[in-house]
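TrEMBL has this to say about the protein:
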BINDING   GLU134, ASP165, GLN191, GLU239  divalent metal cation binding site
BINDING   HIS465, HIS534, GLU611  Mg(2+) binding site
COMPBIAS  276-305  compositional bias 'Pro residues'
DOMAIN    324-435  domain 'VOC'
DOMAIN    462-603  domain 'VOC'
REGION    268-305  region 'Disordered'
Amino acid sequence: MRTSIATVSLSGTLTEKLTAAARAGFDGVEIFENDLLASPLTPREIRARCADLGLTVDLYQPMRDIEAVPAELFARNLRRARHKFGLMRELGADTVLVCSSVDPEAVDDDALAAAHLRELADLAQDFGVRIAYEALAWGRHVSTYDHAWRIVEAAGHPALGTCLDSFHILSRGSDPRGIEDIPGEKIFFLQLADAPLPAMDVLQWSRHHRCFPGQGGFDVAGLVRHVLRTGYAGPLSLEVFNDVFRQAEAAPTAVDARRSLLALQEEVGTAEAKQPPAPLTPAPLTPAPLTPAPLTPAPLTPAPLTPAPLTATPAIPAPVVPTGFAFAELVTADAEPLTGLLGALGFARTARHRSKPVDLWQQGEARILVNTGAVVRRDGAQLAAVGLESPDPGGAADRAEALLAPVLPRRRAPEDAPLDAVAAPDGTELFFCGTGRDARHSDWRADFEDVGQPSAAPGVRRIDHLALTQPWHHFDEAVLFHRSVLGLDAEDSVDVADPYGLQRSRAVSNPDGTVRIALTVGAAPTDDTVHAQHIAFATDDVVAAARRFRDAGAPLLPIPANYYDDLAARYEFADGELETYRELGILYDRDEAGGSLRHCYTRTVGRVFFELLQRDGGHRGYGARNAPVRLAAQHAVRTASALVGG
Ligand SMILES: O=C(O)c1ccc(O)c(O)c1
Ligand SMILES: [Mg+2]
């Protein structure tokens, strides 16, 4: 199907928005009136710009507070509409959105609303324009899609149809099955948005917190299926009001938006194939014939009034879910502080890259690459790449590419083993690996020469999870990326209090928990915790591992006594157990099923720190309840070392 995006969903000037939408591969746009008013381009120039970019203007919007008002006011509204319809011809837009009225003067009278909309549609028809009437969830008298449709039906005018907006429908809790009672040719437009579920005042919710499908909690795919069963043949158009997207760069937001529609179409297609085919009302592919406007002076080529025929979603290769971490790669100018920590944790340097200053440090199945040959940003050591074990590295990369992930060159140097890799939204390079499976392809170990043996002592077994703080304006994008591109499942988001802000965190994982990534966004983009990244190592005995680390002369993050007093009040411990945790700085958490989590932290080097973690009894969490204590302790350490100039 054709895809479209409202300019309100992207940041920047109208020109920047159009360019970003076109580059991301959208077919068309909804032009928001404010974007047009603020643009130095004339409507004809905007039309030409869109044409140059290969974009159609699928909708002009919104017109507000038109219907069911006193006669004199309605006369003024018609005058306003005449101007806008003229503008739309210049713009090459054939459909205008009319929102249900929020005017205090509007009356609760469906017959009057229908009569006014019919009159409006009559005028619109003279200009070759169609009216799509949309129920705003906070409309004064019309706030549900079925009510808007009843009025459209009563008006009975060929140039009047309805606009469905998934936000207004799903935020009101309306039953989307009723959509199938609307003939597809009377659905003039479909706007899609998701939103997080915790409800608030619906207007604030809509204006600030909409997000792209797959990023929130609505069943947008379910709604789209109902719409498609009517025979609707217009575009799938994203209309997302979101404070973050309004500020972030338009180009990545547009790509994020397109990825969400690709994943949505995949979901709709897949689910549809599993069900018995739904009865489809055949959709007329052309709107009702419209008389050209006699008043228009402009000898413009008429805007394309024919929606493109329904085309199948281009096939997206099936998800190839990663089955473990192959490695994590840290880049740093000075290896010693990091390798000092790794050595104290029990890691040994086991291999060296054949041609680059990259060392492999290993313990159990945990592998850390320390790279001193790459460009390091101002904030020091950082995690630059992650190797994911993949049952089909090429297939994983093909899917990533189909979902618009930037595909990286397969070889970083001519002599390297070819590896499929893509970039995550935060720039982390993700390598799809088949460690030990195929020496010619996807076995990154082929580039390394053994220089030692991993320690035999029991300690770290593998990487348990990565915690990656995302740039604040890429958080929702990152969650959708990991879900759609990598096929990981996303858990609900949790809020973690930091001394200087609130961090939203959402974990993504594979079904058996061998790949877990906690994505976090900080509240204050200037604060250094915002950029922190950590690698958590799984151990079967966190107390022994912590002791060994400390005995090697490395300090663990000190945790305040108050934390342990609270633990004592909360849980019963065996004799001496709590004292051990207190002595070592081990944090403790228990889930409802009695599973437990014990974990402790190293100091931070650049952006990076390590965690030792022991899960028992099937605990699947990350210790979110302990995170505020950990964050405060890290602040305290940073402040203290700043005071001594360290
Ligand atoms: O918030 C609004 O006013 C508004 C305007 C136009 C729309 O299509 C919409 O869904 C909401
Ligand atoms: Mg809308």
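Heads up, residue numbers simply count up from 1 along the chain you see.
Cβ atoms here come from the backbone N, Cα and C positions, even for glycine.
In TrEMBL, annotation is done automatically, which means it is predicted and not curated.
The DSSP breakdown of the domain 'VOC' (462-603), given as helix, strand and coil counts, is 45 helix, 50 strand, 47 coil.
A C-beta separation below 8 Å, combined with a sequence spacing of at least six in one chain, links ASP165 (divalent metal cation binding site) to GLU134, LEU190, GLN191, LEU192, ALA193, GLU239. Per DSSP, the secondary structure of the domain 'VOC' (324-435) breaks down as 19 helix, 45 strand, 48 coil. Ligand 2 lies within reach of ASP165, GLN191, GLU239 from the binding-site residues ASP165, GLN191, GLU239, HIS465, HIS534, GLU611, judged by a C-beta closer than 6 angstroms to any of its atoms.
Taken as a whole, the domain 'VOC' (324-435) shows an average pLDDT of 92 in this prediction. Within the group of binding-site residues (GLU134, GLU239, GLU611), the Cβ with the highest number of other Cβ atoms inside 10 Å belongs to GLU239. Among the binding-site residues listed (ASP165, HIS534, GLU611), ASP165 have a CB atom closer than 6 Å to some atom of ligand 1, in sequence order.
Under DSSP, GLU239 (divalent metal cation binding site) is assigned to coil, being neither helix nor strand in the three-state scheme. The number of other Cβ atoms within 10 Å of the Cβ belonging to GLN191 (divalent metal cation binding site), over all protein chains shown, comes to 26. Neighbour density for HIS534 (Mg(2+) binding site): within 10 A of its CB lie 21 other CB atoms from the protein chains shown. Taking the mean position of the Cβ atoms of HIS465, HIS534, GLU611 as the Mg(2+) site, the remaining residues of that chain whose Cβ falls within 8 Å of it are ASP464, LEU466, ALA467, ALA518, ILE535, ALA536, PHE537, PHE610, LEU613, TYR622. Cβ proximity to the divalent metal cation site centre (mean Cβ of GLU134, ASP165, GLN191, GLU239, cutoff 8 Å) flags the following additional same-chain residues: ALA6, LEU97, CYS163, LEU164, SER166, PHE167, HIS168, PHE189, LEU190, LEU192, ALA193, SER237.
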